[in-house]
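Listed in TrEMBL for this protein:
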ACT_SITE  His260  active site
ACT_SITE  Asp311  active site
Amino acid sequence: MVDKKLGGAGLRGQSAGETSLCTVGKSGSGLTYCGYDVSDLADNATFEEVAYLLFNGELPTLDQLATYKTELTAMRDLPQALKEVLQRIPADAHPMDVMRTGCSFLGNIEPENDFSEQNRAANRLLAAFPAIMCYWYRYSHDGVEIDCTTDEESLGGHFLKLLNGETPSEQHRRVMDVSLILYAEHEFNASTFTARVCASTLSDMFSCITGAIGTLRGPLHGGANEAAMDMIEKFKSPEDAKEQMAGMLARKEKIMGFGHAIYRTSDPRNVIIKAWSEKLAKENGDTSLYDISVACEEYMWDTKKLFCNADFFHASTYNYMGIPTKLFTPIFVCSRLTGWAAHVMEQRSNNRIIRPSADYTGSEPRKVVPIAQR
Ligand SMILES: CC(=O)SCCNC(=O)CCNC(=O)[C@H](O)C(C)(C)COP(=O)(O)OP(=O)(O)OC[C@H]1O[C@@H](n2cnc3c(N)ncnc32)[C@H](O)[C@@H]1OP(=O)(O)O
Ligand SMILES: O=C([O-])CC(=O)C(=O)O
């Protein structure tokens with residue numbers, strides 16, 4: 001992986017602290033969690049194993065995983081008060097605002113009283129996020145009050161069953177699992193850094209995660225998977241995609257799902273999720289969305305040397321699984337919560353308040369002119 005030339009605005013290239021959780025843009029595929037290559041984890045682990053790894057520094061044994069999954073399963077249901085709050089949020093609300101409110105409200109009724117409760121708080125959010133998303137979605141869109149518990153073993157399968165009310169296929173469970181693994185952690189990205197800044201004030205876990213959700217919401221970060229979907233579904237064919245993208249670039253519009261702050265030539269997560277998109281496309285018997293996505297990828301590389309980031313092929317992958325576009329970024333939340341919480345714990349373990357300086361560019365010192373004379 002070629003190192004990107006870093007510098008300039010956005011704190012690019014400046015180290016803002018230490019982490020033992022993740023490398024981005026380094027050796028191998030360029031992305032490792034606690035020393036494990038993300039492609040190795042995507043091939044050989046489950047999301048729950050990755051969550052355990054991020055929270056404990058080591059992959060679990062069979063016994064440890066079984067205990068952990070039992071613990072998470074017992075924490076999936078939502079308190080009645082939270083269900084009532086979710087019922088009041090309208091169908092046209094932004095689902096990321098629903099996640100932010102759900103997280104914040106849970107922090108009111110099940111607060112993290114001190115840091116000895118940090119694992120409980122993180123696991124509670126991990127277990128409850130799929131229900132927060134789906135309870136609101138099914139209530140506001142279909143008028144259905146779903147049962148927030150399922151017999152699905154994995155969080156990915158649990159989410160799909162809550163959403164569709166049907167037992168998901170083994171393949172869809174696996175795709176969700178891989179997707180959750182790919183999105184789990186990414187060093188000092190904007191939302192994780194938000195969580196760490198909040199943690200550095202010795203704030204509570206729910207506040208750190210609520211702030212991170214707000215940061216992930218933006219289209220330059222997690223919101224790009226939805227924005228990419230909105231874009232590709234407007235393209236009628238691969239040729240139309242290229243034509244329309246040429247117009248967007250000429251108008252200096254950002255093409256969502258392309259480019260990255262750290263990677264320079266590729267995002268290692270793309271090849272993995274792209275392969276799943278292709279597989280699902282072939283099985284669906286309609287490959288047009290995949291073909292259009294590939295045309296976008298080729299066009300952006302040929303014209304701008306910009307490559308797909310993790311978000312771009314997530315759009316077609318989720319779409320082939322029948323997941324509504326507005327839930328794409330909330331799924332990212334369900335996954336990245338693991339990285340955020342692990343960073344909060346790491347920050348707390350060796351803390352100094354994060355407080356950088358600014359280069360002043362304002363006016364010279366001046367006197368207040370009385371208001372009547374201005
Ligand atoms: C999971 C994630 O959060 S991955 C990121 C998801 N975000 C997106 O997909 C949004 C689209 N992408 C972008 O906006 C950017 O690539 C970011 C925000 C990801 C990174 O921003 P930066 O680090 O500032 O990008 P970078 O320094 O590589 O930009 C270089 C040039 O390419 C342009 N560029 C970068 N990405 C894009 C894009 N997707 N579409 C069009 N032009 C782009 C920039 O505008 C810049 O042009 P300039 O030199 O004329 O100003
Ligand atoms: O690292 C970043 O800047 C954004 C990103 O890819 C992520 O958070 O997964």
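Quick reminder: no glycine exception, Cβ is built from N, Cα and C everywhere.
Automatic, uncurated: that is what TrEMBL annotation is.
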C-beta crowding around His260 (active site), within 10 angstroms: 21
All-chain count of other Cβ atoms within 10 Å of Asp311 (active site): 29
Rounded inter-Cα distance in Å - His260 (active site), Asp311 (active site): 11
Mapped DSSP class for Asp311 (active site), helix or strand or coil: coil
